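Quick look at what TrEMBL lists:
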COMPBIAS  1-17  compositional bias 'Basic residues'
COMPBIAS  30-40  compositional bias 'Basic and acidic residues'
REGION    1-40  region 'Disordered'
REGION    254-276  region 'Disordered'
REPEAT    84-117  repeat 'TPR'
Amino acid sequence: MGGQAKSKKKNKAKRKDTKPTGGALMSPQERMKAKMQERAKKKTAEKYTIDQLIEKTEECIDNFDFDMARLYCQRALDIEATNLNLLDMMGNICTELGDIEKAKQVYLKAVELSPEEGHSKYMYLGQIHTGKEAVQYFSKGTEVMLSVMDKHTNEASAFGAAAFPSVCAVSKKDVSVAFCSIAEIFFTDLCMEEGAADRCKEAIDKALQYDEHNPEALQLMASYLFSIEKTEEGREYLKKSVSSWLPSLQKEEESLASTEHDMEEEEDQNKSNIPPYESRITTAKLLIEVEEYEMATEVLEDLLEEDDEVVEVWYLLGWLFYLQLGKQDLTNNGVNFRKSAWTYLSKAKKPLRADDVGRTHSHSAVATKKALCEAAL
């Protein structure tokens, strides 16, 4: 009997040893999938080089096929896990796909591997984080960019411009945008921190120092001046900001009548000067605040033409015309302004009834109802 018991014990031990690591947690389908993935990695290494995989990834990104881009990029990382270019691409792809946690992990790994080279990872991390952490990442990214610019300047001086014709990988506009990001945080997340106003002003000054024509920096300066009740000075900065990109929109529309071949390069340059959609909504709000109604109307109408499903734009246009009803010198246009206010506010009213007020003024629902009643009179 004792011998039989000993034999059973050995058999049990043997069965336990033959189980694969983690096998108890994996279903047969999962084990099969893991094996197939391992085979795919080996096959990829045999079939594609790193350069070919990068080319495939970039091709998918250009076609906005981020799911396939992620697949090719991951296969490349399976071969070279510490390739900084690949990590940067993967972080960007994950951000586009909305996988923020994965993007964060990828960028932090890139920081660990190369903390003093490559500014883009810090800029992305700054966008992912908030408050003081965001400021730290943006500041480090700015530091890296300035280091690259200094190195390029020193090399150009040492070898001469003719012998050193290469363009710096970092532009002054890049640095200006980074300082704008820092200023934005002191306007929002850290606005109640001690010394926030001074640090905000310092960042804006730096942004304008590196690119005095940056519309974002000019608009931030306008907002700062409005906040300290220097309205007229702020108005000038705001108008300067808008005039730096609004005429390019008009020119772009006129170019539609010209040949595409002649205008293609100029059109691309004009588009690069136009701020993002959300930033232009802020522009319109500021213009309305300082009663620059004509310019605000033009900005909002361009936004509406670009995307007519944004409730806030409809609301702002209606509100803008409603505000002008009280102007003494607009008596002759009263009927037109009343009609326009009614039209735009009616467009905004339906989504507001459905509680779609996330992107509108805090008083949108009440103000819209009041304005509609008065516009109907």
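Note that the numbers count up from 1, one per residue, in the order the chain is shown.
From the backbone N, Cα and C atoms, a Cβ is placed for every residue, glycine too.
For the repeat 'TPR' (84-117), the number of residues in each DSSP class (helix H, G, I; strand E, B; coil) is 27 helix, 0 strand, 7 coil.
Mean predicted confidence for the repeat 'TPR' (84-117): the pLDDT average there is 95. Non-local neighbours of the repeat 'TPR' (84-117) in the same chain are 50, 54, 57-58, 61, 66-67, 69-70, 73-74, 76-77, 124-125, 128, 144, 147; each lies 6+ residues outside the stretch with a CB under 8 Å from one of its CB atoms.
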